[in-house]
Amino acid sequence: MNSTDVTKGFTEQFGKQAEHTFFAPGRINLIGEHTDYNGGHVFPCAISLGTYAAVGTNEDNAFRLYSANFPKVGIIDIPFSDLFQDKRGLWTDYFQGMARVMKTAGANFTHGLNVYINGNLPDGAGLSSSASLEMLVGTILNNLFDGGFEPLELVQFGVKVENDYIGVNSGVMDQFAIEMGRANQATLLDTNTMKYEYLPVEMGDNVIVIMNTNKRRELADSKYNERRSECEKALAMLQKGIEVKSLGQLSEDEFDENTYLIYDPILIKRARHAVFENQRTLKASKALQDGDLKTFGKLVSASGVSLAFDYEVTGIELDTLVTNALKQRGVLGARMTGAGFGGCAIAIVNSADVEDFIDNVGKAYREKIGYDAHFYVADIADGARQLN
């Protein structure tokens, strides 16, 4: 898929030529899962799969929207006068949410837009298709209406849409990775301070393989919000005995010394993941900088174990992929990526072994689960941008 596909689709739907094309990537997180809302570090990167848009003006004061990913929905009109109406339960809620947040922040929409969207991110697979759409919309509206918003402002607008409009208490990682991505680099982001640095992802003879369970997951309907609430409860208990603003501020030793303050064993497990995952992320980013891929892979796998047993956000589909991935020749590490409860996992695989890896893991998954997983070799890409 490329920009030519969406310009052709635009003409078919709207009967005229598109004037602009845009792209926003998806993302994977190398390590640092469920730490972004706990004041910890994350280590994501944008990928070459993503969401494209072809855009043209119209004479109506309305956004006229079509997605090739949801063809049965057809063209949806959102008049400017309806921006602050309730959401409709459609993909267009993400467009409407971004538009209303930007309008509130001072954006001036001077004319209507026809927008044709098509993406090659599997919907609900944990590669941040919703955040990709949000950052795509933010880039379109910021560029075409001279909004003047900085990239980090667009990131925060996207988070606000998720939290206040869609109803998902997500952190900042997805929107940040998609808006700020750079080719062949991952971003070590401290979500507590929003300080970040780009680090080259040099895998030598290895590649990152994305493994899609093809079990669709819904953030708002999953236990994502429950996990965040559990971490907040654990933090509140710790704060009765020690001075700490977020779980991400604690070292492993500090946490172990103060677990007596958390009298619920489930909450201890949830908080332990947040604290130890943050430290794993720092160690992993250093290992990657040092070229120590063996240590990096071990930390990635340790993250997966913690997500399965302390945070309990995997399930049989993800566990089957990761367990079988780690049995294969040429694999340095593997774990689920994203929020969990279905979606995708990643594995670091020697490029010479990728074909056998996909065959073997795919066969084991099909035998255990009863349907196919899908596999993609990830290219680390630039962030959201205008293409023409």
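Here the Cβ of each residue, glycine as well, is placed from N, Cα and C on the backbone.
Per Swiss-Prot, site 'Transition state stabilizer' is recorded for Arg27. Arg27 (site 'Transition state stabilizer') falls within a strand when secondary structure is assigned with DSSP. Annotation for Arg27 (site 'Transition state stabilizer'): same-chain Cβ neighbours under 8 Å, separated by at least 6 residues, are Pro44, Cys45, Ala46, Ile47, Leu127, Ser128, Ala131, Ser132, Met173, Asp174, Ala177, Ile178, Gly181.
Secondary structure at Leu127 (ATP binding site), taken from DSSP and collapsed to helix, strand or coil, is coil. Residues or ranges marked as ATP binding site by Swiss-Prot on the basis of sequence analysis: Ser67, Gly124, Ala125, Gly126, Leu127, Ser128, Ser129, Ser130.
The Mg(2+) binding site feature in Swiss-Prot is assigned to Ser130, Glu162. Other Cβ atoms within 10 Å of the Cβ of Ser130 (ATP binding site), summed over all protein chains shown, number 23.
Taken residue by residue with DSSP, Asp174 (active site, proton acceptor) is part of a helix. Taking all protein chains in view, 30 other C-beta atoms sit within 10 angstroms of the C-beta of Asp174 (active site, proton acceptor). Residues or ranges marked as active site, proton acceptor in Swiss-Prot (evidence: sequence analysis): Asp174.
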Distance from Glu162 (Mg(2+) binding site) back to Ser130 (ATP binding site), taken between C-alpha atoms, in Å: 9
Winner by Cβ contact number (other Cβ atoms within 10 Å) across the binding-site residues Gly124, Gly126: Gly126
Euclidean distance between Cα atoms of Glu162 (Mg(2+) binding site) and Gly124 (ATP binding site), Å: 15
CB within-chain contacts under 8 A for Glu162 (Mg(2+) binding site), separation at least 6: Ser130, Ala131, Glu134, Val168, Asn169, Ser170
Per-residue Cβ crowding (10 Å cut-off), top of binding-site residues Ser128, Ser129: Ser128
Residue among binding-site residues Ala125, Leu127 with least C-beta crowding, 10 angstrom cut-off: Ala125
